[in-house]
Amino acid sequence: MGQTITTPLSLTLEHWRDVQCIASNQSVDVKRRRWVTFCSVEWPSFDVGWPLDGTFNLDIILQVKSKVFCPGPHGHPDQVPYIVTWEALAYHPPPWVKPFVSPKPFPLSTLPFSPPGPSAHPPSRSDLYTALIPSIKTKPPKSRVLPTNGGPLIDLLTENPPNLGEQGPPLPKGPVKKRRPPPPRYSPPGPMVSRLRGNRDPPAADSTTSRAFPLRLGGNGQLQYWPFSSSDLYNWKNNNPSFSEDPGKLTALIESVLTTHQPTWDDCQQLLGTLLTGEEKQRVLLEARKAVRGNDGRPTQLPNEVNSAFPLERPDWDYTTPEGRNHLVLYRQLLLAGLQNAGRSPTNLAKVKGITQGPSESPSAFLERLKEAYRRYTPYDPEDPGQETNVSMSFIWQSAPDIGRKLERLEDLKSKTLGDLVREAEKIFNKRETPEEREERIRRETEEKEERRRAEDEQREKERDRRRHREMSKFLATVVTGQRQDRQGGERRRPQLDKDQCAYCKEKGHWAKDCPKKPRGPRGPRPQTSLLTLGD
């Protein structure tokens, strides 16, 4: 009552600081949340027997590792640090892991034969490690069929089968004593150019689990060669763009191969010859030799120092010695620097200006594309503080129109850092209307526009009707007035006169003022009009 079951996953979480230290010793970094996700969700889906609570079984760990390291689109590079740390916990278990780790099988030749003893007592229910203690059942003794004369046994893994036509000596009569067969012999591979790995113990003879991981290590404690498989090289070449098309992606692939496989000098040449063209390879090697630094830490052009650090001919580096491994580490670092420098195209600012933010692209993703364009098409490093102003201006001008306009109107824009601009752009981007909201707004604006147009049409029609009504009213008024005048006789119009016709006598030759028939006497006084008064 009250006890909790301890599992490998919960145990690692309880000792998380130790796990991080072990990961740091492996030159990797692990996160707690992703550790739990990979252990309980991702790796059980590989169908190699990984339990949801984790395990320290090396066979299962190695099969998961083979899935993680699978080249091409089926691999999981993001899970490499985590499975490598699990493997380190199983190979070199700390004290808190040892109770969960099954003891390594001893060589069969050193195990003395003993008859099966009585069954051990069953574990109690309160034991926290009951899952790790195998149940031992009493088995009936088997018939002994092997001879007791110490005759040689044939190792079917290393020896040829006997001739069926020959018959061996007759078996002696009497009780037969059982003997164990000798352990299988593991012949180390030949000196083939390939990856470097430390040796591990050979698999147990009774193990039926197949290890899909291609790197098997001997038990002599020496580093051995294991070649790149042709399928690996084929997948790497066909599943990735060429170096000229996308140098960044191919450089990232080669960097992961250099980190995880630790290739030798010959391996690197094979890798470059497969993934690069001849011209690309020469450019990479030239840039790598330029990156060699002297004792003062500055780039050097001394042939002896350059050839010592990055030789073009096959060196005699012994990978089994610390000095040889240090040479290989430096060579791989210089090769990676050469890939990065050779991947830069000639300066082309037009390519940088052509990088614009997509309609649904986040500002962070757009900034990464912009920085990649700076690295690829310019000699400038976008992470350099001296180039922050140029990158910021490009970020503002080449952002989406709505984001760029609002960024330009920010107060105190000169004091804003690139990080501040990205945060402001993220706020603007997150406040954008959704496609549904945009469709609704467009529909609403269209309806309002149609309503305004309809109202304007109605207003124009009413104005046209009023104007037509006024004109019709004037016309009708004129017609009615003319008809009324016709009924009343109308006004008598004066007859038309000629230019020299008198208006008084109607004779021609003089005007009315000179008409002799017109009386000339003074006019009589007009009679005064009498006004009525109050007295009248």
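Glycine residues also receive a Cβ, built from the backbone N, Cα and C atoms like all the rest.
Here Swiss-Prot flags Gly2 as N-myristoyl glycine, drawing on similarity to another entry.
Under the heading region 'Disordered', Swiss-Prot lists 139-216 (among others).
Marked as motif 'PPXY motif' by Swiss-Prot: 183-186.
Taken from Swiss-Prot, the feature region 'Disordered' applies to 432-536 (among others).
Within the chain carrying the compositional bias 'Basic and acidic residues' (432-464), a Cβ under 8 angstroms from the stretch's Cβ atoms is held by residues 402, all 6 or more beyond its ends. Among the features that Swiss-Prot reports, compositional bias 'Basic and acidic residues' is placed at 432-464 (among others).
Per-residue pLDDT, averaged along the coiled coil (436-474), amounts to 90 for this model. Residues or ranges marked as coiled coil by Swiss-Prot: 436-474.
If you look up Swiss-Prot, you'll see 484-517 (among others) marked as compositional bias 'Basic and acidic residues'.
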Q) By DSSP, what is the split of the compositional bias 'Basic and acidic residues' (432-464) into helix, strand and coil residues? A) 30 helix, 0 strand, 3 coil
